[in-house]
Amino acid sequence: MSEIKVSGLHKSFGKVHVLRGLDFEVQKGEGVILLGANGCGKSTLMRSICGLTPTDQGEILIQDQSLQKASRRKVMAMRNKVGVVFQKFNLVGNLSVFQNVLYGALGSSRWGLLGCMGPFASQEKREKVMACLERVSLADKADRKAEELSGGQQQRVAIARMLMQEPEIVLADEPIASLDPKSGQEVMELLWDVVQEQGLTVICTLHQLDIALQYGERFIGMKAGQVDIDARKGAITKAELEGLYRGQVRVDAPENWKGVSELQTSAA
Amino acid sequence: MSKVDLGAFKAPARFTSPSIFTWVVIITFAAFFIQGFASADINGARMLQGVNNLGGFFAQAWPPNTSRLEPIMWAMLETLNMAIVGVFFGVLLSLPFALLCSRNTSPNAVVRWVSRMIVATLRTVPDLVWALIFVVAVGLGPLAGILAIIMDTIGFCARFFSERIEEIRPGPSEALSSTGAGRMSVIFGAIIPESMASITATSLYSIEKAIRSAVVLGLVGAGGIGVELSTSMRMFRFDQAMTIILVILVVVIAVEQVSSAIRKRII
């Protein structure tokens, strides 16, 4: 049984064919780094896996259950198993850090929002929020407004929210792309520690190849809406990964478009 | 410096003739403007007479007569109450309307279209017309004024709330949906908090707006200080009217100051 299975996945936005037949499987506990140039369809793939973007063709199985065939209610239950860390953190800016982490429990809360609001949440949940914040070393910031925190801190709050959700799968969509190198490294370190502690399955998109090679156990490289590379750690070099950024990489490029590097060589 | 060959590219012309559309707009505007100016029948003698009459009004109005200050103050308080009660219910009803009108929160296109039409109608009918209608429906007095203000507030607030709701960042809502939260949880957990500052500011502004309109609503008998003002004017007691005008001035300015001070703290 695989945790995530993507088969024959297609998605178009208008005339732009973004996902052009993707197939791959991710096993439980695997740490996958998804690589690819801007505009190659990474984010669309990530959004499809957590059910935020509906797909046109093909199937995504999360723990052997089809996301495409599931009812609305079922999709909600499946999303609850998948924690997402976004590039832009996506905290509710004018609410407290505490409240934002508490929102992680929304999917499993029987009373919906009412059970996840600061004043009404159970003592057990409140303590759990503090434990999650403790894990990301931000317990002292619990009553601050989320938007007052620095980027790196906000992303750590987002990780605490993901912990609160108790997911089995984690999707991290360029979690460090909006951060400076130092806080990026810290956040990545924290994210990977947390994921490994709990034995979670993770797919993480990244742009920094060095960081990717440092953390990833397996690399899936996308190029123009298709899987171009799928290799384990040790079986691939940085030079091979760099190839993902050359030639026709984007999904919105016209048919006869030549990559920048090819234009340069032909001009020389 | 060597001369660069620019090939087929030339700088755009300095002046271009306006498009046909622009000409149509200019001519239509000019036609209405000239017609309007002519129908106002402006001439020297009338202007002079007007200035003369205005002088007469001020001569009779000054000094203001404060003998009826107490009932005037009570009427002003009533106006203030009308505005606050009306805006409170108006804002309360605006929220569901705004959610139904917004692309990102409305259940479907039909509901959105219908609620937008309702809000647009509420907004298009002027508050004075609402007051006339409600005076017929519930009789003279502040209730008619309050109902008119509710209608006017929904027309105004629902539209601005919904515009704000549509332009919030989608991120936080997506984050909440991706935890498996339901639609209502996302709306009240992320969308409303994200737009709260703007909703509060708009509501405060609509209190200012409601006070100004509540003053006028009295003129058609919908309660408040307008009733006093229209009586004084009709009885040619310009000195009492002046007191009323001054009281209105002070209260409206005070309310605007307080409300803008609060808004500054929020934003």
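Positions of Cβ are set from backbone N, Cα and C atoms, glycine also.
Taken from TrEMBL, the feature transmembrane segment covers B:20-38, B:80-100, B:128-150, B:210-229, B:241-262. Residues annotated as domain 'ABC transmembrane type-1' in TrEMBL: B:76-259.
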Other parts of the chain folded back onto the transmembrane segment (B:80-100), taken as Cβ under 8 Å at six or more residues beyond its ends: 106-107, 111-112, 115, 118-119, 142, 145-154, 157-159, 161-162, 165, 187, 192, 199, 203, 206-207, 210-211, 213-214, 217, 223-224, 251, 255
Outside the transmembrane segment (B:210-229), six or more residues from its ends: residues with CB under 8 Å to it: 68, 71-72, 75-76, 78-80, 82-84, 86-87, 90, 127-128, 131-132, 134-135, 140-146, 148-149, 152-153, 241, 244-245, 247-248, 251-252, 255
Distal contacts, the transmembrane segment (B:128-150) - CB-CB under 8 A, six or more residues away: 78, 81-83, 85-87, 89-90, 93, 210, 213-214, 216-224
